[in-house]
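Lifted from TrEMBL, the feature list:
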BINDING   11-17, 39-41, R307, 333-335, 414-416  GTP binding site
ACT_SITE  D12  active site, proton acceptor
BINDING   D12, E13, G14, K15, N37, A38, G39, H40, T127, K141, T238, R305  IMP binding site
BINDING   D12, G39  Mg(2+) binding site
ACT_SITE  H40  active site, proton donor
BINDING   A301, T302, T303, G304, R305, P306, R307  substrate binding site
Amino acid sequence: MVRAIVGANWGDEGKGKITDMLAEKSDIIIRFQGGSNAGHTIINNYGKFALHLLPSGVFYDHTTSIIGNGVALNIPYLLKEIKALEEKGVPTPKILVSDRAQIMMPYHMLLDACEEARLAGKSFGSTKSGIAPFYSDKYAKIGFQVSELFGCPDELMDKVKNVCVLKNVLLENLYHQPPLVPDEVFATLMEYKDMIAPYVCDTSAYLHEALKEGKNILLEGQLGSLKDPDHGIYPMVTSSSTLAAYGAIGAGIPPYEIKNITTVVKAYSSAVGAGAFVSEIFGDEANELRNRGGDGGEYGATTGRPRRMGWFDAVASRYGCRVQGATEVALTVLDVLGYLDEIPICVGYEYDGKVEKEFPTTAKLEYAKPVYKKLPGWKCDIRGIRNYEELPENCRNYIDEIEKEIGVPITLVSNGPGRSEVIERKPLI
Ligand code: GDP
């Protein structure tokens, strides 16, 4: 059985925590898109970790972690991440890397940083991890696949020379940087070959066998629906699909094998990078939620930059669940809201006096004003509660209201960052 764990919002919903928790009963956990540009924060018996490339299932002895073909594979970063786990006493995880994954090159990161600098105030808020140049090259068919490292060296060198010609036009003329030298790019690829060799696998064939054997497989998404290049807030999106449907492609499994799409929804909103954010709040109100949010504040796991904050957005979350194909929802960081007398939720978008419930395309989104409904707060700390019935009534009402708005059964409620801080819930719909 394949279960996808994906985000309904702008990312940072707590997918890592839910994956870490569900990985206990899984055999294989797969990252199927994105790269080291966003982090998952995980707190468990080994300590606190910010994973960027490794799937959040690496903490168990019995699991196999797979970097799927859809991932932007930063090889030195992957090795650094594995070493950091070992240094903190985590047993050496079993890791397989798809032979069809493409390689993040140093010039992708350089081009990303140069472009962000060129755009200055109009930038996309990239983490400069090279993601956009990487995926552009993949689809322009000038990326390097892991398998090519193990092929004919002369053919690889020919390709390197061609790529350098193209990249140097931009580097020298637009960004005024020193040109790439083919011998150096080739040498980097050979270093990467030695580093990645122990992990390389035909993961699609491996997964085909695993499915036949009835193994439990988790697909772990990065970011969320609203950052999807097709269905998100284009162009303020990431460069690979964040949707569960892409899990089939980015892992190399049949789409019909994905039986459960657990969509992680955050009890309030947060976002990084630029782009319209209808229920955004500012000033002291935002600072208070930011400082109380997550596990010790809503600050980027990769960059440390403060996240933009907002109230729960039912319009965006309902749409986010729909495009994921959510079969169930895990509602996270609910405990954070315990300080509020009343809690606004955005139930509609207003344009020129008309209220709509559908999430629009980006141009229209810029003009949307939030329509809020206020629910009474519960004014206490709900951490430590393990039975749903023990949650305060106003807290259960808040969950019921969100479930009604998004139209997807909420089966898990997370009330703390730790692995065991989760409550099972019987959905009302
Ligand atoms: P991901 O990218 O979706 O995995 O999310 P992140 O790891 O970036 O952000 C989620 C943050 O919230 C992390 O700091 C988690 O430790 C934390 N977190 C997850 N679930 C909960 C929860 O239920 N309560 C609290 N207080 N923090 C949580």
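Backbone N, Cα and C define each Cβ position, glycine as well.
Because TrEMBL annotations are produced automatically, they should be read as predictions rather than curated entries.
Structure coloured by features recorded in TrEMBL.
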{"residue": "G14", "record": "GTP binding site", "contacts (Cβ under 8 Å, 6+ apart)": "V264, K266, G294, A330, T332, V333, S414, P417"}
{"residue": "K17", "record": "GTP binding site", "contacts (Cβ under 8 Å, 6+ apart)": "H40, T41, I42, I43, S56, T332, S414, P417, R419"}
{"residue": "T303", "record": "substrate binding site", "contacts (Cβ under 8 Å, 6+ apart)": "T127, V272"}
{"residue": "G304", "record": "substrate binding site", "contacts (Cβ under 8 Å, 6+ apart)": "none"}
{"residue": "R307", "record": "substrate binding site", "contacts (Cβ under 8 Å, 6+ apart)": "D12, S270, A271, V272, R290, G293, E298, Y299, G300"}
{"residue": "L334", "record": "GTP binding site", "contacts (Cβ under 8 Å, 6+ apart)": "A267, I382, C395, Y398, I399, V413, S414, N415"}
Same-chain residues at least 6 apart in sequence whose Cβ lies under 8 Å from R305 (substrate binding site):
V272, Y299
Which recorded positions among H40, T303, R305 have CB under 6 Å of ligand 1?
H40
For the binding-site residues G11, G39, P306, the largest set of other C-beta atoms within 10 Å encircles the C-beta of G11
Distance from T238 (IMP binding site) back to P306 (substrate binding site), taken between C-alpha atoms, in Å
19
Of all the binding-site residues given, N37, T41, T127, T238, N415, which has the fewest Cβ neighbours within 10 Å once its own Cβ is left out?
T41
Between T238 (IMP binding site) and G11 (GTP binding site), how far is it from one CA atom to the other, in Å?
11
Whole-number Å distance separating the Cα atoms of G39 (IMP binding site) and G11 (GTP binding site) is 10
Counting Cβ atoms within 10 Å of each candidate's own Cβ, which of the active-site residues D12, H40 comes out highest?
D12
Between N37 (IMP binding site) and G11 (GTP binding site), what is the CA-CA distance rounded to a whole number of Å?
11
